[in-house]
Amino acid sequence: MAVKGSIVRISGPLVVAEGMSGAQMYEMVYVGEDRLIGEITRIRGDRAFIQVYESTSGLKPGEPVVGTGAPLSVELGPGLLGTIYDGVQRPLPIIAEKVAEVDPRRRMFVERGIQAPPLPRDRKFHFKPEPLKEGDKVEGGDALGRVPETSLIEHVVMVPPGIRGRLKWLASEGDYSVEDTIAVVERDGRDVEIRMHQRWPVRIPRPFKEKLEPQLPLITGVRIIDTFFPMAKGGTGAVPGGFGTGKTVTLHSLAQWSEARVVIYIGCGERGNEMTEVLERFPQYKDPWTGKPLMDRTVLIANTSNMPVAAREASIYVGITIAEYYRDMGYDVLLVADSTSRWAEALREIAGRLEEMPAEEGYPSYLASRLAEFYERAGRVKALGSPERSGSVTVVGAVSPPGGDFSEPVTSHTTRFIRVFWALDTKLAYSRHYPAINWLMSYSAYVDLVTQWWHENVDKRWREYRDEAMDILLRESELQEIVRLVGTEGLDEKDKMVLETARLIKDGFLKQNAFDPIDAFATPQKQFRLLKMIMDIHRKSLELIEKGVTTQQILQALGRLYIDIVKAKFTIPNDQLEKIDEIRDRALKALDELVSG
């Protein structure tokens, strides 16, 4: 029986209700006459402390609070992809239509207490059953059938985790809605109806058979990421950076061009116009791997800065639960959260309302454990059930440290749980070097794990060239200290060449225009050819210096070719890589003529 209490205190997004004996932690409740969605976060005696995921303006003591008897959950099934939700999985386009029916002038507002089913009830999906027969044993994760959800993704309809028994009936091929029963399983003498959709509590990670080592790179098309600081499928990463360093554009690039089959984009507490930009741009883009519309693989969760702060936490958990669901089907999923700092600020505000003892910079003492809960749900796994399949959830979170201070609590705690750190540098951004990822501060723990893939699929010398280029960039930063003191005249010719090659790496390889149709995405093969061209020229130059040629003579010999080398990244498409080799050969020939001529 549902618990029913009444409001005794209201403090912003926090509501205290009495008469709630029998309520459970994290139970979903309806608050007030408008039935606002809330979640119980603390119980003391018969009083429940509820964080409300909608505006509490106009609530008053004495209004009812009704429990649902279930935790905050999401609906999982066909129809998720291509949809935009708010922080508690309400479909915003449908809400806009509902509001417009009452008053067209209020179409742009989310009315308080408005409800809409997350999955479309009126849409039919074509269900094709698996070759199962009556009496077969089935368990959680087993595939019952498949539905072509979009042009890119085939949705696997699975037995919900925790259900095990004998298959009594399976629907034949045909068109069904998400509420239709598509199978009946006999479990302990009782019949369990399985619909095309299932519900899952957002705070509980979905189970899996086995966790696998993340050995496959997640190709993003961003050269500095894929070559120098690679992300693995099932990995965790953070993009910290101050104001204006390009966090959002970097995350948009990842969402647009990544090799992931499904992308979950969470706009958590950031500006509304950034989500609007995603909505305007994504439908126009094609998936680089298939040529199909990008929205066919994307779920957007919009919880912008002008929406209730409590829902920021819900949006993070809703997003990761949807990601785990597609992982269980055997897909590689990328979850992008922009930004986890806004979620942490929401935790700080609610902790203050709860009168909890503040820790560092006012954040609650459990900030680290909440961040860990989120990032630990990433990973590459062997999914439950049959047929056997593996999937992954890759999590990348933006961090917005005030003033670009990486020692603040959210950034410092995040670094404990992630293995890739793409540090955005204000100086690089202000000098118009984008992406502004600082190669001295950034790191990736996946370089050794993904090396084998690069060697087998691209070139066996990838690691050799990559490490050599990294050494040049590190050496250049040391030499810059000397140059500031005594100028370039105090350097020997080899060190001068290191400075020139480092400049070539930065201009011709690291800089990348996210809005250029050719330069926005570089295949692994193009990345390697560009790097190889620059490094082969560097090696040849060092040989010539040994023979007495000066750095100035080398640069003069290259002449206009220097510009061709820098421009190759945005003048040569991914399918014409032989032109990069032609530029390289012409450059090496010009250098050879310095000695032979």
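Cβ from N, Cα, C; glycine included.
For reference, Swiss-Prot has these:
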- G241, G242, F243, G244, T245, G246, K247, T248: ATP binding site (BINDING)
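Taking the centre of the Cβ atoms of G241, G242, F243, G244, T245, G246, K247, T248 as the ATP site, the nearby residues of that chain (Cβ within 8 Å, site residues left out) are S400, L424, T426, A429, A436.
In the shown protein chains, 12 other C-beta atoms lie within 10 A of the C-beta of G244 (ATP binding site). Secondary structure at G241 (ATP binding site), taken from DSSP and collapsed to helix, strand or coil, is coil. Here the binding-site residues are G241, G242, G246, and the one with the most other Cβ atoms within 10 Å of its Cβ is G241.
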